[in-house]
Structure formats: structure tokens, C-alpha cells
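Listed in TrEMBL:
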DOMAIN    95-320  domain 'Major facilitator superfamily (MFS) profile'
TRANSMEM  6-24  transmembrane segment
TRANSMEM  36-62  transmembrane segment
TRANSMEM  68-85  transmembrane segment
TRANSMEM  106-128  transmembrane segment
TRANSMEM  140-164  transmembrane segment
TRANSMEM  176-195  transmembrane segment
TRANSMEM  201-227  transmembrane segment
TRANSMEM  248-271  transmembrane segment
TRANSMEM  283-302  transmembrane segment
Amino acid sequence: GWQTTYHTAVPFVLLLTYLVYSQVRESPYSRPGTKVDFTGAALLGGSLVLIVLSISLSAVLIESVMNPLWLLAAGLMLFIPLVLYEQRYRNIGDPILNLRLLSLRNVVSTNITFAGTGLGMFLAFQAYVYKLELPPPAGFGFSIFMTGLSLLPLAVAIVIFAPLTGKLVSRFGVKPIAITGAVVGVLGFLLSAVSESPACLLLAIFVTGAGISILNASTINLLVLTVDPGDMGLATSMNAVFRNLGRSLGAPIAGALLATFTATVVTGSGVLQTLPTARAFQYSFYFAAALLVLIAFVLLFAEEVLGPRAKDPGSSSQGR
């Protein structure tokens with residue numbers, strides 16, 4: 001059953017735990033006396049829960065008394081006390097949202113990039129699975145096993161292009177490679193939107209994986225080569241917050257789109273079912289493509305840290 005999906009990941013988690021323990025060296029910039037920002041984490045978590053719920057339940061609650069817009073408004077309003085608290089907390093500890101680091105152009109660019117790619121990738125995952133598994137005319141009618149295998153092109157693309165990107169950024173710089181990755185990702189999502197056969201969709205999945213891999217593998221350099229080594233742990237953890245924010249929103253947005261644009265059809269087995277329309281999948285992929293266009297635009301304003309156009313590494317880490 002579906003539980004096996006999680007069980008199969010356990011050996012890999014144990015292997016990674018061992019490799020981290022045995023191979024990764026401890027940072028010399030540790031600060032053992034730093035306090036954990038529990039209040040900030042609670043405010044941020046509560047805000048995100050309300051926002052995700054408003055999106056997830058939009059199709060169900062839109063006609064009820066508990067309009068999802070109220071949940072969305074409440075989630076957004078929680079950001080006000082969060083920001084006010086984080087401004088005060090930075091005097092006694094490391095806030096979960098460090099506004100000083102967020103004032104750095106490359107930190108902002110990286111966080112927006114990873115939030116956007118996380119959202120787009122998980123939105124696409126949701127749409128891909130439904131498109132492959134649902135019966136015609138909504139999907140291709142694949143089995144659960146074949147649906148899983150059909151996502152292998154994305155993993156293969158990541159394995160191929162991630163190390164290749166690592167070699168290219170040193171020579172050409174981060175920005176041109178990252179923007180190229182965003183463009184490739186846009187092409188993959190647009191191809192996904194117009195794919196009418198399994199073969200075409202598998203090609204689109206591969207192209208999408210290549211673009212996301214190039215974009216993520218290159219952009220992380222903007223972060224690690226900008227912040228001071230002593231702030232690296234805080235900067236990367238804050239980046240993880242934005243990345244997980246995007247991921248947590250991706251699936252609910254895809255689900256809301258697939259639940260909103262539906263039609264009642266007779267499937268191949270003669271059963272009357274309400275299924276997502278082709279427009280639902282197209283809107284999902286167009287939304288993801290638009291995100292990558294926005295990311296490419298944001299990256300234009302980042303400061304180069306590698307390649308022939310790189311600026312002085314120390315200049316970016318100074319407060320501005």
C-alpha cells in the first residue's frame with residue numbers, strides 16, 4: 001500500500017545520516033549559546049498553516065460561512081506580529097526571519113528563487129501524477145506503478161545536469177546559468193501544458209527536471225558566496241524556510257485548480273465521473289511557467305559572485 005512508499009525511504013535516510021556523521025566536517029563558526037526562536041517559528045508556522053488551508057479548502061468552503069478568504073487574510077495578518085517580534089528578537093538571539101540578511105540583494109534573490117521553484121515543482125508533481133493516472137479523457141490511465149516510473153525522467157535530468165551545472169558556473173558565472181535554467185524550465189512547463197501523448201509528456205518532464213536542476217544548483221552559490229561564514233547556518237536555514245514555504249503551497253494550488261475546473265464525463269469503462277478538464281492541467285503548468293519567468297526577472301538584479309563578471313566577494317556580505 002501507500003505506506004510502503006515511506007518505508008522504502010528509510011534505508012536511504014539511514015545511509016545519509018551515516019554519511020553526514022562520518023564525512024561532513026563540523027563548521028568552525030558554531031555558536032552553541034544561541035537561543036532557538038520558538039515564538040517566531042510558531043508565528044510563522046501558524047501563518048503558513050492558515051494560508052495553506054485557505055488554498056486547500058477553497059473549492060470546498062467557497063460557498064460556506066467559513067469563506068477561505070478569511071483564512072487567507074488571517075494567515076497574512078499574522079505576518080505583522082511576526083515581523084515586529086523578529087525585529088525585537090534580533091537583539092537577544094537569531095530570529096527565524098533575519099531582516100538584516102534579507103536586506104542583502106543576493107539573499108532575497110535566492111530565497112525568492114527557491115520559494116518559486118519549490119512551489120512550481122510540487123505543483124507540477126501533483127499535476128503530473130493526476131495527468132498520468134486519471135482515466136481518459138482526463139489523463140492517460142496509467143497504473144500507480146507506471147505513474148511512478150514515468151517520473152524517472154525528472155530524476156535522471158537532475159542527476160545529469162546538477163553536476164554539470166557545478167562545473168559551468170565557475171566558468172560562466174551564476175546568473176547566466178541560473179537564468180538559462182529558468183528558461184529551460186519554462187519550456188518544460190509549456191511543453192507539459194500542450195502534451196497530448198504520454199511520450200510528449202515524458203519529454204516535457206525531462207526538460208522540466210533539467211531546468212529546475214540547473215536553476216537550483218547554480219542559484220545556491222549566490223547565497224553561500226554572499227553571506228559571512230558566521231551567518232551561513234542562519235542564512236541556509238532561512239532559505240530552507242522559503243523553500244518549504246513554496247513546496248507547501250504548490251500541491252494545494254494544483255489541487256485547487258484541478259478541483260475547480262472539472263467536467264462530468266463517461267470514462268472508457270462506461271462509468272460517469274467528474275474529472276479535471278484539460279484546462280485545469282494547462283492552468284497548473286502555465287502557473288508554474290509564469291513563476292519561472294518571474295524568477296528569471298528577479299535574478300537579473302542579483303550580484304554576480306562567480307565567473308568573469310564577479311564582484312569582490314567581500315562587498316556583498318557587508319550590510320547595506
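Cβ atoms here come from the backbone N, Cα and C positions, even for glycine.
Taking every recorded stretch in 36-62, 140-164, 248-271, 283-302 and counting its Cβ pairs under 8 Å to the transmembrane segment (106-128), the highest total belongs to 283-302. Sequence-distant contacts of the transmembrane segment (283-302), counting only residues of its own chain at least 6 positions beyond either end whose CB sits under 8 Å from a CB of the stretch, comprise 105-106, 109-110, 112-113, 116-117, 119-121, 123-124, 126-127, 174-175, 178-179, 182-183, 185-186, 189-190, 192-193, 211, 215, 219, 222, 253-254, 257-258, 261. Here the transmembrane segment (140-164) has Cβ contacts under 8 Å with residues 125, 128-129, 131-134, 198, 201-203, 205-210, 212-214, 216-217, 268 of the same chain, all six or more residues outside its ends. The stretch from 176-195, 201-227, 248-271 that makes the most Cβ contacts under 8 Å with the transmembrane segment (36-62) is 248-271.
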